[in-house]
Ligand code: ATP
C-alpha cells in the first residue's frame, strides 16, 4: 500500500489529534504517503484532501478538537454520495482509509469497505458508547472536564448551602455521568440505563443536610427530562435551594488526558499496521489494556452493557 487517507467524522473528541498524528507518523515511518481528508465524509466527497507531512502533525498531540475538522454528511448515506467518495479516493490514489469517529462514522466505513476500499475505524467519541471497546478516545478527558466543573460548583454550592444538578452529555449512554459521578463524589446519579426515583434523591438530600452536609451534587445524563424542572421539584420537596448547570460543549474541548493521548497513539499506529497487513472493514479497540481489532459489523452489533458494578459502588459510597 503506497497511499492512505485519514479523516475525522461525527462529533469531535479530545484525542482525535493524537490519533491523526499517530496515523500520519506511522504511515510515513512505514514509507507511505498519508493524505488528510477535511471535514469527514463531506471533504471526501468534495475532494478536500491534502498531503500530510511530518510537520503537519507537529504540536498537536496535546490539542483538543481535530486539525482535520469534522462534520456530519447526509450525502454520504446515499449510494450516489458514496460513489462520488469512492471516485475521489481513486483519483487521489488512496488505497486505504482510517476513519476516526463514532458508530455512525463506522457504519459509513463499513459501506466503503463493502465497496472494496480498505477501511479501518478508530473509536473517537466522548460518549464511550461503543460496546466492543472498553474505552473510546475522548471519554476520560470529558470525564475530567466534568470533574473540574464539579469542583468549582462545589465551592460555590458549599458557600450557599445549595444542591446542584449537573447535566452532562452522553445521549443514550450514561458513562460520563456515571464515571464523573463516582470520581466526583456525587450524591445521586441519574442515568438512561436505570430507573430513578425522585423521592429517593430528595430523601438523600434531606438526610445529608441533617447530617451537616454543606452541598450536594446530582449528576444528570442529558435527554432524561428537563434539568430545571427536576431541580424545581427537588427544591419543592426538600426546601434546599437547587441550581442547575448544563455543561454542554465544554465537555468536548480541552487538552486530552495522558490516557487519551496514549490510547489514540496506540490505536492510530495499530490502524496503519492493519492496513499494511491488508485488513479491511475492521475497528480498533482496547480490552483489558490490550489493543484488539474486530469486524466493524460485528462490533456495531454488540450491545453496550450497563456497568452495574460502578453504579452500585457509586451508590454505596454516596450514602
Ligand atoms: P458521534 O458518536 O460523536 O455522534 P458518529 O460517528 O456516531 O459520532 P454520526 O453523525 O452518527 O456521528 O455519523 C457521522 C457521519 O457518518 C454521518 O454524518 C454520515 O456521513 C456517516 N454515516 C452515519 N451513518 C451512516 C450509514 N448508515 N451509512 C453511511 N454513512 C453513515
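Note: Cβ is positioned from N, Cα and C throughout, glycine not excepted.
What TrEMBL records for the ATP site is 72, 73, 102, 103, 104, 105, and among 11, 15, 151 the residue it adds there is 11. Together with 21, 22, 23, 24, 25, 185, 186, 187, 211, 213, 214, 215, TrEMBL lists one candidate of 63, 154, 252, 261 for binding ADP, that being 154. Site annotation for substrate in TrEMBL covers 125, 126, 127, 162, 169, 170, 171, 222, 249, 250, 251, 252, and the matching candidate from 118, 243 is 243.
Ligand 1 lies under 6 Å from the Cβ of 72, 104, out of the binding-site residues 25, 72, 104.
Checking the binding-site residues (23, 25, 102, 185) against residue 127 (substrate binding site) with a 10 Å Cα-Cα cut-off leaves 102. Among the binding-site residues 21, 125, 215, 250, the ones whose Cα sits within 10 Å of the Cα of residue 102 (ATP binding site) are 125. The record gives 11, 72, 73, 102, 103, 104, 105 for ATP. Within 8 Å of the mean position of their Cβ atoms, the other Cβ atoms in that chain belong to 9, 10, 40, 101, 108. The Cβ of residue 169 (substrate binding site) has 126, 127, 142, 176, 221, 222, 247, 248, 251, 252 as same-chain neighbours under 8 Å, each 6 or more residues away in sequence.
The Cα atom of residue 21 (ADP binding site) lies nearest to that of 125, taking the binding-site residues 72, 73, 125, 243, 250 as the candidates.
Recorded residues residue 243 (substrate binding site) and residue 213 (ADP binding site) have their alpha carbons 16 Å apart, per Cα-Cα distance.
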